[in-house]
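Right, one structure below, let's go through it.
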Amino acid sequence: MGDEKLSRHTSLKRARSLSESIKGLFKPSGISGSNNAAAPSSRPGQDQAHSHQTARIITSNVSSPSISPVHSPVLQAAPKHHKLGVPNIAKLSLSPSREPSLNSENEMFSQESFISEKDEDEANLLEREDLQNKKEEKARAKHVRSKEAYVPHHRYTVGSDEVERQPRERLKNFPQNAGSSNPANSNANHVLDQENNFSIDAMLDYDEESKLRRRNSLGVRNHSNRTRSRKNSLSTPRSPPMKNGNGGMNSNATNNVGNGTGNRIYMRGRNHSDSISASSLPKFQEIECKCILDLGHFKVFENGYHEHSLRVLPIITNNKNVDSGDEKDADASVNSGDDGDNDSEANMHKQKSVFSLSGLFKSHKDGNQQQQQQQQQEENGEQINLEKAFSIIPSQRFIKSQTLKKSRTSNLKNGNNDELMKNDGKNIPQIVNPNAAVGVEELKLINALSEKIRKGLKSENTKGNNGEGRSNSNKQEDSDDTEGKAGTTNDDTSHKPCSQKYGKSIGVVGAGAYGVVKICARCKTAKDVLPYSTYSNGKKLFFAVKELKPKPGDQIDKFCTRLTSEFIIGHSLSHPHFEANAMIAGNVSRTTPPKHVFNAPNILKILDLMEYSNSFVEVMEFCASGDLYSLLTRNNISNESNNGSSRLIQTVKEGSGSPLHPLEADCFMKQLLNGVQYMHDHGIAHCDLKPENILFQPNGLLKICDFGTSSVFQTAWEKHVHFQSGAMGSEPYVAPEEFIRDAEYDPRLVDCWSCGIVYCTMVMGQYLWKIAIPEKDSLFKSFLSEIKDDGQFYLFEELRHVSSELNRLRKIALYRTFQVDPTKRITIEQLLQSSWMRKTKCCVVYRHLHTKVSK
């Protein structure tokens, strides 16, 4: 038995291959059969019917199923059970030099077995046959399962006629010397006997565990290890490779069991780094593209993309102390001249001239008038003291959109709708348009601000009340109102003065009828996280502060309406919370997060509204590259190289404007249309689009500002769009239907006309006409006659683009935009979907930005 075990271990590989080759010899139908030869396809049930003729298998103590097939005891089988003659084994030609003799130590078909069977008692024979039949049925069932589950990798093709079961008589007539145990025959056939014993044992007595172990031999185990490695590489974190004894690198691997010959070691996963950067992928690899056009502020590359590099205002770049982080030094450097004397008037006027924010004010003044106004305010002491200006926005609705959205959504989810549905004792109408910018929250804020503004303006005329007392009174009222409401918290920054929240003034960038626009700067703090709500140079944050004060003789109600409407519209667009209206309307589940709560990239952020005495301060996002008007007037690009137009309109503004490159103008046009479309989707039309109301960041991001004359054509409780009448805005950009007396028009189509004028201004350097009235403007009259007679306008025909196809598509869009009949005019949405805009490459990627309102 010791030699038997040793031979089994040493011939494991060969026994594996041989056992697979003769697997067909031990099919279920071959375990029991009749005396006559049965066909290979005989059903197991047919053999079971003749089980009384089945040979017996004489065994010793049978091993338990838990023992491995390699170490299970050898089974001795009667020749009439296997019906396997030596001539059939010889037909396999596994070893042609070997004789068909069996091993003397492990002979399974020995002559002594036949002799012992003849001398046994008949009763014992029947008892053994019954016992053996039960074992054969169990073995047959196991063999069927193993045959269905196991498919060998290598199979020898053996004809069915060569593996026929032999008759019992043939085995009985086997020669007596067939079991000779001479050393030569024993050594030659020892491996064959080991393979036969191993295969019989594995086929009859192995359980599910041993079957899996048998299946995981060398070839199958390697395959399973590779499969397991792929799964592990995806589900478990990879450990870094370790150095082996030879200095090489070894990754985590699964060793092959029983493989002591140095087989391949498969790693747990692919050999790559622990983390992969998106920039390393082919799609995101930064490939240096050749620049084919460089205009300083605008570059175009050979792959079709472009880059904006707009200049930052000198008030930021020329002020050395702005980057120093010292607010006192920065403030002093602006308010003192070169000789150290206080020369704030001249310095502010000089800085103001490089940036135009005249669009924020309806009264356009030249530089001398603005200087005189600034000087008069300083002499009269009418400058707003930012250190004493406090916010009049209720704390629970204040500034940060994240905090604002969180508190409102929390109140709605908790079912606290009673407070939202109250408006001075009156119920708010039912919400039918939840996407409208003016809804429940805005209505409440309008009422609260209007009351505070009127109260502040009237208290100025009351004797015994000064500005400081009024500001402190407002501060105390806001604090008491905040603390008195359940579920609200008093923010540390909500009641700080303007100078602490937004920094000190570093200069003036604009002036108008109601005051001036200053720039305030403060150092960044740990609470300032990306993305910033305004421009930052890395060390400081900059804010635009617009001072508003009613002129003598102005009606309080008129000033209050303008101030509140401008702030409310801008604040609601830049800090949208349309989920509140949607939840109240029942269109959004209280447990479902809002889907359309985000800031529009092309809308200027309105941050705060503050008060000091009878003056007010509106805090806005600061755009460091100025407005479109300043960009057009300081460019030095030839007209012929950009649009090819030989006939230019006479410049009617100060200075000579220079047009933009068509690709740059197309990018700005697409941003402008997206911003206007965002306003239209939320029920607001701008009604005063012009270069002065279009601001830029240094990277070319466009911002729409000045919502003082905007029209709310649909609120949250209005089902249909309502029109308006009367001309609004600046004359060169006003649509012709606005000049028709007592005629109503769609404010959205007015914005589309204005966008067309703005684009022509960008590519031509000036606007088309002074006013869209044929009796007052000869050029507009010429436009009407040419369109009526020829169907085209010579200025549009002479425009040139980088390609003839883009030029053709642009002309089609322009003709549809400048339809005098508003019913035939293209809409902003249709213009965005035109072939011209779809082929325009834009710097801003717009995703899920627009949500339509009800019509």
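Using N, Cα and C of the backbone, Cβ positions are placed for all residues, glycine too.
Residues S116, S180, S251, S273 are shown; Swiss-Prot lists phosphoserine for one of them, S273. Taking S146, S395, S450 one by one, Swiss-Prot attaches phosphoserine to S395. Checking S51, S210, S275, S336 against Swiss-Prot, you find phosphoserine recorded for S336. Checking the candidates S17, S353, S725 against Swiss-Prot, the annotation phosphoserine falls on S17. Residue pair V509 (ATP binding site) / S391 (phosphoserine) shows a Cα separation of 23 Å. All protein chains considered, the CB of A511 (ATP binding site) has 28 other CB atoms within 10 Å. Helix first, then strand, then coil: DSSP counts for the compositional bias 'Basic and acidic residues' (125-139) stand at 15 helix, 0 strand, 0 coil. Here the Cα atom of G515 (ATP binding site) is found 20 Å from that of D688 (active site, proton acceptor). On a Cα basis, V517 (ATP binding site) lies 18 Å away from S391 (phosphoserine). A511 (ATP binding site) and D688 (active site, proton acceptor) have their C-alpha atoms 18 Å apart, to the nearest angstrom. Classification of V517 (ATP binding site) by DSSP places it within a strand. The separation of D688 (active site, proton acceptor) from V517 (ATP binding site), Cα to Cα, is 19 Å.
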